[in-house]
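Colleague: Just dropping this structure here.
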Amino acid sequence: MPFWGLQKQLGIDLDTFLLRQSMPQPHGQAAVCHAFEREWVECGHGLGQTRARRECQLEYEDFMECMKRTKLTQRLRTILEQRDRMIKQGKYTPPEHHMGKEEPRP
Amino acid sequence: MAAPKVKQDMAPPGGYGPIDYKRHLPRRGLSGYSLFALGIGSLLLGYYSLVKWNRERRRLLIEELEARIALMPLLQAESDRRTLRLLRENLEEEAKIMRDVPGWKVGESRFHTDRWVPPTVEELYYLRPPAELEREKFGLQNYV
């Protein structure tokens, strides 16, 4: 119920952890992208979502990158393709610890 | 009319002896009350021993947790060193692999911020055989 504020009136805090990752989570387990989300929310405080997406573009992009990791997968894929190409051309051999023959160490 | 005497199959003179038709249930074993007492007594004994053992297990669990807390800095430091070593190796390999690709900045961060972002498992193991990545992700599920 939007206008009652039931949880605030009763003084309990049952499901605010669902609203944002930055709210206190159960068992005190912080989210992975907690910092990014907090930065974006602090930057876009009071602006509203549309303006916050537009004006806090850097923080928003970092937050989305942390959540979806699209840039990471793209980058890793590029590197792996280049590596396979170079192996086929014979210009590059992976070192031993990348072929699974590393001696065990911590 | 007076029938002549016919030879019939009759009982022996004096009749048959007594026939055993009543049931003979043995009078043995404990009584009902004492059986109840035995069952409930064993239940209570079981509960009592369970409660004692569970409390002992909880004490042992707390001891194990405290040992884990005491060792945490060491394990965390080892893990951090390992992460940094893997990142360094990946950086050097990336420099070797991408040296011919124009416009590639080795080790560029994907984020606009300067903060340390903990690397994902994929980032650390992407150049290694997939078995290592799988072991890192799911090895503890098969751990005995």
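Note that Cβ sites are derived from N, Cα and C of the backbone, with glycine treated the same way.
Copied straight from TrEMBL:
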{"type": "DISULFID", "residues": "A:Cys33-A:Cys66", "note": "disulfide bond"}
{"type": "DISULFID", "residues": "A:Cys43-A:Cys56", "note": "disulfide bond"}
{"type": "REGION", "residues": "A:83-106", "note": "region 'Disordered'"}
{"type": "COMPBIAS", "residues": "A:94-106", "note": "compositional bias 'Basic and acidic residues'"}
Colleague: Whole-number Å only: compute the distance from the Cα of A:Cys66 (disulfide bond) to the Cα of A:Cys56 (disulfide bond).
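Modeller: Spelling it out, the Cα of A:Cys66 (disulfide bond) and the Cα of A:Cys56 (disulfide bond) are 16 Å apart.
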Colleague: Looking only at C-alpha atoms, tell me how far A:Cys43 (disulfide bond) is from A:Cys33 (disulfide bond), rounded to the nearest Å.
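Modeller: Counting only the Cα atoms, the answer is 15 Å.
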Colleague: Given a 10 Å Cβ-Cβ cut-off, pick out the one of the disulfide-bonded residues A:Cys43, A:Cys56 that has the most other Cβ atoms nearby.
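Modeller: Output for this query is A:Cys56.
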Colleague: Go through the disulfide-bonded residues A:Cys33, A:Cys43, A:Cys56, A:Cys66 for me and flag any whose C-beta is under 8 angstroms from a C-beta on chain B.
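Modeller: Out of A:Cys33, A:Cys43, A:Cys56, A:Cys66, A:Cys66 lie under 8 Å of chain B.
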Colleague: Other than its own, how many Cβ atoms are within 10 Å of the Cβ belonging to A:Cys66 (disulfide bond)?
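Modeller: For A:Cys66 (disulfide bond), the 10 Å Cβ neighbour count is 21.
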Colleague: Using the alpha carbons only, what distance in Å do you get between A:Cys33 (disulfide bond) and A:Cys56 (disulfide bond) once rounded?
Modeller: 16
Colleague: Including all protein chains displayed, how many Cβ atoms other than that of A:Cys33 (disulfide bond) lie within 10 Å of its Cβ?
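Modeller: Excluding its own Cβ, A:Cys33 (disulfide bond) sees 19 Cβ atoms within 10 Å.
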